[in-house]
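J.: Grabbed the feature section from Swiss-Prot, which reads as follows:
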TRANSMEM  33-53  transmembrane segment
TRANSMEM  77-98  transmembrane segment
BINDING   HIS83, HIS182  heme b b562 binding site
BINDING   HIS97, HIS196  heme b b566 binding site
TRANSMEM  113-133  transmembrane segment
TRANSMEM  178-198  transmembrane segment
BINDING   HIS201  ubiquinone binding site
TRANSMEM  226-246  transmembrane segment
TRANSMEM  288-308  transmembrane segment
TRANSMEM  320-340  transmembrane segment
TRANSMEM  347-367  transmembrane segment
Amino acid sequence: MINLRKTHPLMKIINHSFIDLPTPSNISAWWNFGSLLGVCLIIQILTGFFLAMHYTSDTLTAFSSVAHICRDVNYGWLIHNLHANGASMFFMCLFLHVGRGIYYGSYLYKETWNIGVILLLTEMATAFVGYVLPWGQMSFWGATVITNLLSAIPYIGTTLAEWIWGGFAVDKATLTRFFAFHFILPFIVMALAIVHLLFLHETGSNNPSGINPDSDKIPFHPYYTIKDALGLIFLFLILLLLALFSPDSLGDPDNFSPANPLNTPPHIKPEWYFLFAYAILRSIPNKLGGVLALLASILILLIIPLLHTANQRSMMFRPISQTLFWILTANLITLTWIGGQPVEQPFIIIGQLASMLYFLLILVLMPSAGLFENYMLKPKW
């Protein structure tokens, strides 16, 4: 009897990707986040599709259409809450996924890593344009502040900002095009995710030890499908707890007020998952300098493979690098906290010190630790 799973042209691709895929036998729960991100993306596309059926991208009716979804549409409140909190879950998984890649040296698969960084940037763009759509106060002012940063680019900046706005300020044209962007970008993310997987399956997965695992591999199904299912249960549990019991805890109260160009909120800030980058942007008193630091804070991920100096791939057996990694984690949490605080002392100086430490850790301290660990491992007799 012919096994259709192994012979059918389409089923064969699925089989080689998710069923008979040879996987290292020792990968831990930190390897769950790839599949969780895939599920998050599907949840976001489905809930977003149903929201788009009832949403209107017009400045006069956008805010009331969101209220209409929550009040009048069958289970509209649930779809809305799942979509809003699903974005938070998405970025939580994303940060853990990137963190795991840095800790275990997965960035040495350069193609997979670079596509991953492009994915991260695309997802950040998607989340930003999506946050503008409800047309609340923070949506409007967030869009104004962030798009206004383009005007810091010398010579073409103002023209570029007005081109993005479709006018001389954030208005109806901006909202309409942001809705179009928010609809198309998740499908671009999906295509990039497939390319990400394609490159990953060229090399096979990394593992906690960082040693070539070819001698000890097991099929993905049933071992890791079961393991991923456990992660999924936790993901759904946390998402449902958020969406049903505390749906607005991660949002901003200002977004319950319709957008008003004549009234600026006291503290303009983005969603929590952008606060670390926002803190780095604000820590530099110069507009262009801030924009460059903001870009550098994300694009620095692209040069991490070039900064790998250690003889060992993973940080599992490198205690000094481990310490620096957890300092970097604490530093990012500090930046996230600072990004949500008003621009006053002592928050300004804390933000500036944390921003300096962020770049110092990645560019200087971690590569130096790798070299020092190499020296310590050399026989001294």
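Placement of Cβ uses the backbone N, Cα and C atoms for every residue, glycine included.
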J.: If you count the other Cβ atoms within 10 Å of each Cβ, which of the binding-site residues HIS83, HIS201 comes out on top?
T.: HIS83
J.: As a test: from 178-198, 226-246, 288-308, 320-340, 347-367, pick the stretch that has the greatest number of Cβ pairs under 8 Å with the transmembrane segment (77-98).
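T.: Against the transmembrane segment (77-98), the leading stretch is 226-246.
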J.: Can you check which residues sit near HIS182 (heme b b562 binding site), meaning Cβ under 8 Å from its Cβ, same chain, 6 or more apart in sequence, and list them in order?
T.: GLY48, THR126, VAL129, GLY130, LEU133
J.: Do you know offhand how many angstrom separate HIS83 (heme b b562 binding site) and HIS97 (heme b b566 binding site) by C-alpha?
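T.: Distance (Cα to Cα, whole Å): 21 Å.
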J.: Using a Cβ-Cβ cut-off under 8 angstroms and a sequence gap of six or more, which residues of the chain neighbour HIS196 (heme b b566 binding site)?
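T.: Set apart from HIS196 (heme b b566 binding site) by at least 6 residues yet with Cβ under 8 Å, we have THR112, ILE115, GLY116, LEU119.
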J.: Is the number of Cβ-Cβ pairs under 8 Å between the transmembrane segment (33-53) and the transmembrane segment (347-367) three or more, considering only pairs separated by 6 or more positions?
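T.: Contact absent: fewer than 3 Cβ pairs fall under 8 Å.
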J.: Under an 8 Å Cβ to Cβ limit, what residues of the same chain, 6 or more beyond the ends of the transmembrane segment (113-133), are close to it?
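T.: Distant contacts of the transmembrane segment (113-133): 48, 55, 57, 62, 66, 87, 90-91, 94, 98, 101, 106-107, 139-140, 142-143, 146, 174-175, 178-179, 181-182, 185-186, 188-189, 192-193, 195-196, 199, 270-271, 273-274, 298-299, 301-302, 304-305.
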J.: Need a quick answer: max count of Cβ pairs under 8 Å to the transmembrane segment (347-367), which of 226-246, 288-308, 320-340 is it?
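T.: Against the transmembrane segment (347-367), the leading stretch is 320-340.
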